[in-house]
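Database features (TrEMBL):
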- 1-87: region 'Disordered' (REGION)
- 44-53: compositional bias 'Basic residues' (COMPBIAS)
- 133-155: region 'Disordered' (REGION)
- 137-155: compositional bias 'Gly residues' (COMPBIAS)
- 269-288: transmembrane segment (TRANSMEM)
- 360-392: transmembrane segment (TRANSMEM)
- 398-434: region 'Disordered' (REGION)
- 408-421: compositional bias 'Low complexity' (COMPBIAS)
- 487-508: transmembrane segment (TRANSMEM)
- 511-583: domain 'DUF1736' (DOMAIN)
- 528-553: transmembrane segment (TRANSMEM)
- 574-594: transmembrane segment (TRANSMEM)
- 606-624: transmembrane segment (TRANSMEM)
- 653-673: transmembrane segment (TRANSMEM)
- 702-735: repeat 'TPR' (REPEAT)
- 767-800: repeat 'TPR' (REPEAT)
- 801-834: repeat 'TPR' (REPEAT)
- 835-868: repeat 'TPR' (REPEAT)
- 902-935: repeat 'TPR' (REPEAT)
- 1001-1034: repeat 'TPR' (REPEAT)
Amino acid sequence: MCSSPAPFGGEQWGLGHEGEHSRVPRGALPRLSRTAAPREPRSTCRRGGRGQRARGCAGNQPSSRDWGVEERASGHAQWGGGGGDGRGRRGDCCLFAAGPTRRHRRRRSAWRSRQVQLPQHHVGAPLRVAAARRRGPGSGGCQTPGRGQGSSGGGGAMVVITSARGGGGDRAPSRRRGCGLARAGAAALLAGASCLCYCRSLQGEFVHDDVWAIVNNPDVRPGAPLRWGIFTNDFWGKGMAENTSHKSYRPLCVLTFKLNIFLTGMNPFYFHAVNIILHCLVTLVLMYTCDKTVFKNRGLAFVTALLFAVHPIHTEAVAGIVGRADVLACLLFLLAFLSYNRSLDQGCVGENFPSTVSPFFLLLSLFLGTCAMLVKETGITVFGVCLVYDLFSLSHKQDKSSNGALCPRSPQQPRSDQSSSLPGHPHRENGKHQRFPHKGAWGGCHSPLPPEPKSSGFPVSPPAVWSMMRYLTASSNRNFLLTMRPFFKRAILVLSYVLVILYFRLWIMGGSMPLFSEQDNPASFSPYILTRFLTYSYLLAFNVWLLLAPVTLCYDWQVGSIPLVETIWDMRNLATILLAVVMALLSLHCLAAFKRLEHKEVLVGLLFLVFPFIPASNLFFRVGFVVAERVLYMPSMGYCILFVHGLSKLCTWLNRCGATSLIASTVLLLLLFSWKTVKQNEIWLSRESLFRSGVQTLPHNAKVHYNYANFLKDQGRNKEAIYHYRTALKLYPRHASALNNLGTLTRDTAEAKMYYQRALQLHPQHNRALFNLGNLLKSQEKKEEAITLLKDSIKYGPEFADAYSSLASLLAEQERFKEAEETYQAGIKNCPDSSDLHNNYGVFLVDTGFPKKAVAHYQQAIKLSPSHHVAMVNLGRLYRSLGENSMAEEWYKRALQVAHKAEILSPLGALYYNTGRYEEALQIYQEAAALQPSQRDLRLALAQVLAVMGQTKEAEKMTNHIVSEETGCLECYRLLSAIYSKQENHDKSYKAAVQLNPDQAQAWMNMGGIQHIKGNYVSARAYYERALQLVPDSKLLKENLAKLDRLEKRLQEVREKDQT
């Protein structure tokens, strides 16, 4: 005999023979404490007969601290873990199972068919209910000693309130610890997978858009102060109201870049590290979101997050530093979604919409959504996701939850006297359990619509629209506005807030939209509506294909990457139709289950997939790209949810062998995705690898050839650059920038001029083509035309600092100093962060006699760009000219710390030479000559130092070597003359001087003087006469000739005397 628990208050609370609820007087029921109900020792319980097995739990179990109702059946073991050992322990569900088997589904169906609900005022915590058929004494069932049967008849069922710990209560703490360890293990695996996939990117440099958003961004780069301009400029540092701005308003993302520089400088390692950390956080929060609001299954949530972590489509967003905008916006998107859900009453509310139980979390959701929008524009879509999720999902709580907990009856629901349909045993038909819906007061959490039959396909009957109409016109929802009042309040609040921030967004943009060129988005410039519609529709299917099969990935999909769809007979339209059918079926699935939605996987997957992609879909405004992989970062969450949900459903339909094959295929897919992600990270390591991969992946894309040519041009590989520029022009002949850059590499000025003019024909406001053509005309002495073109370049590019410098220098050459100074000042006003402009203005001030003013501009150039070694050298030369040698030496040495170059060593060596520090000068010049052995001036300066230090032979040898390479080196002959003079070889000295400059009268006169002293009067007269021809008015020459005449006369007299 197995003893049943003693009843509370001398009176059992159970079900009568006819299935009616027994009335219990108010106050008769005891207060539920946290101690289990007393029960007899388990050893007295007899096992049932042969074939009677313990039924295993097919669903998630309630918390071990919950109170529940436990089944005791004659001849059966207590509800246990599927092993039938009779110990009464609850079965633990597999956390990572893809879905229940058929046997488990039958058991779950039988279990749920016997669930009942306690009255509202007795529900203090989620309860677990089980009912068992009470057998008669002769059936071998359990008898209740001393209390009788409790309810008459063998068909009755007894329900006893006990602790949910049941017989296994002693194992609950370890189970909770196990769950915590499982969560921690899953989080560690996800973080590890994310880091392993992207750790290679830590070695990457600033590439592609990173250069413009960080390195060249005046709001971000080092030395730039933190100012309010961050909140008025776009992502690239331009004013939001300017015509050239892209209107990408992301101040919070820019602040993260600024914080990165403040903490770690311009080291790209730490920029990449922050991106990887953010990606790990997004992955973990996605797993938590799926576990709590989507699957209610840790295993499926883990697989979803793992698929998201390793998906190759995220490489651009994570490995590219500017992709931080997408990653951080996604993190804030998820947090805002979770906060919105947290603000609502998560309890069962029956036919009514949930009320707002936490205004704090609702306001927090608005704040986080706003932050997401200020990180990237797509963050604002979280508000639409929350409202639609609220309308379709939170408005309904099914009457039986997936973990076995019962929902309390809604307070607004009238109490019914109708008995609960709780049979004495599960009804069977053809040996299968049949499910009975709960009715009356015990089924308080039900939908007003008939229960939808379980089906593996999409519900097609009743149609979605009729389903919604039936709900809106149901008898229990006559007062529909009253029912939806909580939702209306939230919707009005959220929509009003969205309108306010949209108005702010338009205001900060200056009321204008960004201007894009045809090469950015060719379809948007098509004059045909059909072409635009078909192409935009196909691009949606193409983006979905990138999520499904990320085989071909590229950093840029512009200019011919995807040809336009211009006719309905294009075969690519089939992909568009297929996508439309799939999306329609998924939408109908959600609409048909309006207010009866038991599973939210499809709903959340659709919301996460569709809403974040709307801003990039060309639906409301033109975007500046054809396809951008980074914008799929947020929508990929919806894809991962739908993909894993589909796998789960498919796994439940397959037998064991098929399910095993499916799991193995999924693991293989995850490994392939991981491998692809690692390979894509290697592409993003450097500009060269990135641009070269674009040419290899999309050779028909003109933009990737143009970018690769720019890189080759910067590296000095001009022949390869010219080839790729011309390839880009073959693919897209209207590429004005390619024509302009090709002109800069052409040595033939006529051909270069032709390229510039063609570029201006295609784009008359191309400021760089105007600048280059102006400089070309300047070199051809067509200065007035050059001035006009340079002024136009400034007009169409007011932030182009090089145009100001070139125009000002041209005006200074014409001695129009006032206009030149005005040009410099206008340039500094429009380009206050241009270090080159400050440096050039300093040079202008030195040349015009204002050296003290120049000091301030040199220092400002160094402040804006701490690595500006040219400004440091100029400042050192200025201090040298002012006689402040110590300051000059300091600035030269600071420049050497930035860049150890020969052009910096040379002025420092000159300083040491002129101040008599010959040993230091010799060392500096030797270092400079080693860096640039072909530089003539450095070797000549080194020979000069050697000559001064007395090493005349080495100096003579080095100078003669220079003369043998360049016979027209005047400085070399002057140095040789000095060397010979020091060697007292005056003849060679002045011969070298004469070779240095045949028209140098002084050298001829000195050579005549040497011959004069030696007594070679004939040669001396010849040299004097040559010098006199050059300077006929030289008194010294005339005196020397007169002396020579007297000496010759005396010599003649002496000879005559000797002869006599």
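The backbone N, Cα and C atoms fix where each Cβ goes, and this holds for glycine too.
Listed as Cβ neighbours of the transmembrane segment (487-508) (distance under 8 Å, sequence separation of 6 or more from its ends, same chain) are residues 232, 240, 249, 353, 356, 362, 366, 370, 373, 377, 380, 383, 386-387, 390-391, 395, 481. Only residues 6 or more beyond the boundaries of the repeat 'TPR' (835-868), in the same chain, are considered here, and those with a CB under 8 A from a CB of the stretch are 222-224, 801-802, 804-805, 808-809, 812, 817, 820-821, 824, 827-828, 874-875, 878, 881-882, 898-899.
Taken together, the residues in the repeat 'TPR' (1001-1034) have a mean pLDDT of 73 on the 0 to 100 scale.
Look at the repeat 'TPR' (767-800): DSSP puts its residues at 27 helix, 0 strand, 7 coil. When DSSP labels each residue, the repeat 'TPR' (702-735) comes out as 27 helix, 0 strand, 7 coil, counted as helix, strand and coil in that order.
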